[in-house]
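Read through the structure below, which is laid out as structure tokens, and then see the notes.
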Amino acid sequence: MGVALTRSAQWTAAGHGAKTLEVTPLNEAIVKEIIMFVESFIYKYPQEANYVFVEPLEWKTNLDPSAFGSGYAVSGTTVKSEEADKNGEPLLYLSVPQIKIRSFGQLSRMLYIAKNMKLKEAQACIEANRNPVAKILGLDYNIISEKIGNSFVSNILDKITKDDDSESEIKMKIALQLKQLDLHLLNHSLKHISLEIRLNPGTVKNDIELLKQFSGKGKQTVLESIEYTSDYEFSNGCRAPPWRQIKGEICYVLVKPHDAETLCVTCSKEGVFLNGGKTDDEGQINYERKGEIYKDLVTLLKEKSAIFSENMSKQEIKFSEQPQKDQPNEAPKEEVAITHKASVTSRKSTQEKNRINLGRSQLTKRLEPSLNWRTSVSSKDRNTLRDTQVEKHGGKLEKSRSSVSPGRAQLIRKSVEKIEEIISDSSSESEEDEEQPDHRQEANADLPSEYWQIQKLVKYLKGGNQTATVIALCSMKDFNLAQETCQLAIRDVGGLEVLINLLETDEVKCKIGSLKILKEISHNPQIRRNIVDLGGLPVMVNILDSPHKSLKCLAAETIANVAKFRRARRVVRRHGGITKLVALLDCGKHSGEPAQSSLYETRDVEVARCGALALWSCSKSYANKEAIRKAGGIPLLARLLKTSHENMLIPVVGTLQECASEENYRAAIKAERIIENLVKNLNSENEQLQEHCAMAIYQCAEDEETRDLVRLHGGLKPLASLLNNTDNKERLAAVTGAIWKCSISKENVTKFREYKAIETLVGLLTDQPEEVLVNVVGALGECCQEHENRVIIRRCGGIQPLVNLLVGINQALLVNVTKAVGACAVEPESMMIIDRLDGVRLLWSLLKNPHPDVKASAAWALCPCIQNAKDAGEMVRSFVGGLELVVNLLKSDNKEVLASVCAVITNIAKDQENLAVITDHGVVPLLSKLANTNNDKLRRHLAETISRCCMWGRNRVAFGEHKAVAPLVRYLKSNDTNVHRATAQALYQLSEDADNCVTMHENGAVKLLLDMVGSPDEELQEAAAGCISNIRRLALAIEKARYS
């Protein structure tokens, strides 16, 4: 057994904790075989089953002490077996959660008791006891250190010869049985492995490339995006590091489905599975497997994404109905790639012929690898173009065509850049590079004349003198460097290396010319990565110390372009770039240039603007935010915020907006009085500046003091007025977000009501993107806490669009809309509308949502719906399976879900018929299991639920039998008065049963309740007094019975 567990079983990599068994079919098969061996051991080898282990097998169990019956002594949270060794020590000892077992007989009985949990228990035992043979038989029988074969048997025979007694003979028999099990497990593993699916790099690559063709933002696409985590491809077709290729891993891909978070997937020879994703520190992949192994990528995605599965079936139908739609000789209608038409058409026809149904079995024909670099728009560019076409043509995907104009190439470049910025998330250092495949021009392509002209200029840069170099740089600058052909021409002939080398010369003119070109071409995502790979960023960081302001400006602007992805931002920080960029914000004090006032001031402003621009790009990672703060960036940004230069204000506010996501920054922003200037710039005519100011307020308004400052400085009125301009969706999302967060304060809600913002918000509930809807509904949810605002929303017809949004899939939107609907349901008139629109059923269906936040919010919303419905009992019973669903939610691990569900059950149980139904569904034992909690919110609602459930049948007695009374008494020691009131009411109801009274008295309830009789809360007084009265009556009755 030791060798099989060491060599065949698949263990997780040694991280911060102990190794665990991976969740693989092979491991499951091994564990099941071990279970079968142990379960049958007691019957096949009854004498050996009584053998006492040298050391107990010990692990953390999930078994409940109550599961043990005859043959065991159960006392509270401990269990002892009646069967003991010669010293009287029990062979099984459980002290929750630790369990110790010292014989095969007890192991076999434990598995019988575990029932459905036996697999988990066996796995936990194996993980906690990596060398079980040594513990069972002693170190002399340690199979792990022995070689399988005759040497093992001979060693055992030697031991028996030396120790000629019955115990040694039993040990020998057990050792041989374990050796046979070991060999059986090894053979079983080999058979299992031989049946597993084996993928190869070509299969995986073609599947990913074909999926890319059907990816994008359109409704008909199967995925939003799918990208490799690494551009580098080894000669064997793998992209995984060599030390992972040894384990059979081929590559790693980031997949973004339409209806789920981004998935980090490992493609290996054994199959495809989810890994641990990107780590927070260095952005490396956590290679540990998190889930099942699937035969291919399509199968995994069908399991994880309903939209993928649905759209894949549509693609199958589409291609089966129109097999002849795309012919190689079709005339190109739209420009997509910068390359020769004949070359691309030929390649495209090959792709069209090879395009097949991804949902079927593995591809039968694979693309042959090529040594030629090709120039083509990357898969990401194609996705971006497809998304643009979806927006223009109502969601219909247009086919890509063969060539592209310079303007079209620039559009693609900007779109790709925007996607990359979105992926480079602003909230955390764990954002990941969206690395793209490295595309180069094909040698024999018919390229524009500019391509060859630029390559000639690069040759002059390489071999010319200083004068020739400057002339070549000036000539190169005259080309349209925004055109991708020109950018790639510079790179393909080695021009990037030359330009970066020029930055290390002493000639200022050469540096300026080189930086001007690098600044233009670094808008291209591939060029950015090439610059980082060639070590260009450290050189630019050093230039920031130059006394020449023009050089500093160009270097900072180029850094701003390059630092759009995580690796580049990390390089800037590690080479001291953040400190130097912060210094640029204050560069005027250290200037040594001629004091020509207007020119001097203009140059200073430009240097500070470029520095702020670079900091804005760098501030998208947490570590850089901290570096900016420690370098003293906040006071300098605050000072620049007072300037009148709009081109300066945008990057300054943008940097503050990114940084304001961190609590330390929000405190510093308050201290520097930045809110006042943010509010002031809301009145600017520049829409981009308004957007960033609103977004910064949105980030900062989590703090109550900041919300008050926004109101005091007059920021609510411009925010309300900006709601009327709905053309700019990005700005509208920022403004509605700021209004949402500001609405958390009641004083601000009153102001918004004065400015008629609530009516405007109701009007935004339709025909808006989800980013706007989340904020609009969030703001209405806060406003709905007041009666006047609920009336306004109802009169403006806001109930119906709110209820309509309950059918969405966006988690944040569902959380907000359920809160808003629940708040509206407090009004009887609104509740009638919600009921008529089937809103309660929609809320109830959200209890099945996989996201705990959505479940909890939906449950809270149901409470006022049940309270204010005309015939609540009948309404609840009308939902088929609804009561059982609510009761089963009591098995959740999320405290908020549990508290909200308890609140729902409290309202459901007001109807006696419904109370009877949920009692039949087992609500009493489930509530009793939750009693041992320290969460005051859950305690309060749990106590209220128990109080209400006591009013049916023998539920009072059942709560006592399930040991719910003693934990409730401890609730009285809480500091929360609401918990005291609910607990006293529950104890009062429970005290109607004599056994419960005894339990309360034993746990010291009387003294605690006596203190609460003097509470100013009348309900608490009454419940406490009633409970004491019941306990006292029981005591008197016992006393009377004793003397009579």
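Here the Cβ of each residue, glycine as well, is placed from N, Cα and C on the backbone.
For 317-409 (among others), the entry in Swiss-Prot reads region 'Disordered'.
Here Swiss-Prot flags 317-338 (among others) as compositional bias 'Basic and acidic residues'.
Positions annotated as compositional bias 'Basic and acidic residues' by Swiss-Prot: 379-401 (among others).
As annotated by Swiss-Prot, region 'Disordered' applies to 423-446 (among others).
The repeat 'HEAT 1' annotation in Swiss-Prot covers 448-485, and the record cites sequence analysis as its basis.
Among the features that Swiss-Prot reports, repeat 'HEAT 3' is placed at 530-568.
The repeat 'ARM 1' annotation in Swiss-Prot covers 535-577, and the record cites sequence analysis as its basis.
Per Swiss-Prot, repeat 'ARM 5' is recorded for 622-661, and the stated evidence type is sequence analysis. Break the repeat 'ARM 5' (622-661) down by DSSP state and the numbers are 31 helix, 0 strand, 9 coil.
Annotation comment: Swiss-Prot describes 663-702 as repeat 'ARM 6', evidence class sequence analysis. Residues in the repeat 'ARM 6' (663-702) partition by DSSP class (helix H, G, I; strand E, B; coil) as 31 helix, 0 strand, 9 coil.
If you look up Swiss-Prot, you'll see 668-706 marked as repeat 'HEAT 5', on the strength of sequence analysis. Confidence in the repeat 'HEAT 5' (668-706), given as mean pLDDT, stands at 90.
Beyond the repeat 'ARM 7' (746-785), the same-chain residues lying 6 or more positions past its ends with a Cβ under 8 Å from any Cβ of the stretch are 707-708, 710-711, 716-717, 719-721, 723-724, 726, 729, 732-733, 736-737, 739-740, 792-793, 796-798, 801-802, 805, 808, 810, 812-813, 816-817, 819-820, 823-824. Marked as repeat 'ARM 7' by Swiss-Prot: 746-785.
Tertiary neighbourhood of the repeat 'HEAT 6' (831-870): same-chain residues 794, 799-800, 803, 806-807, 811, 814-815, 818-819, 821-825, 876, 879, 882, 885-886, 889, 892, 894, 896-897, 899-901, 903-904, 906-908, selected by CB-CB distance under 8 Å and a gap of 6+ residues from either end. The repeat 'HEAT 6' annotation in Swiss-Prot covers 831-870.
As annotated by Swiss-Prot, repeat 'ARM 9' applies to 871-910, with the evidence given as sequence analysis. Beyond its flanks by at least six residues, the repeat 'ARM 9' (871-910) meets 835, 840-841, 844, 847-848, 852-853, 855-857, 859-860, 862-863, 917-918, 921-923, 926-927, 929-930, 933, 935, 937-938, 940-942, 944-945, 948-949, 951-952 of its own chain at Cβ-Cβ distances under 8 Å.
The repeat 'HEAT 7' annotation in Swiss-Prot covers 874-914, and the record cites sequence analysis as its basis. For the repeat 'HEAT 7' (874-914), the number of residues in each DSSP class (helix H, G, I; strand E, B; coil) is 31 helix, 0 strand, 10 coil.
Sequence annotations record features per position, and here Swiss-Prot assigns repeat 'ARM 10' to 912-951. Distant neighbours of the repeat 'ARM 10' (912-951): 873, 876-877, 883-884, 886-888, 890-891, 895-896, 898-900, 902-903, 905-906, 958-959, 962-964, 967-968, 971, 974-976, 978-979, 982-983, 985-986, 988-990, 992; these residues of the same chain sit at least 6 beyond its ends, with a Cβ under 8 Å from one of its Cβ atoms.
If you look up Swiss-Prot, you'll see 1004-1031 marked as repeat 'ARM 2', on the strength of sequence analysis.
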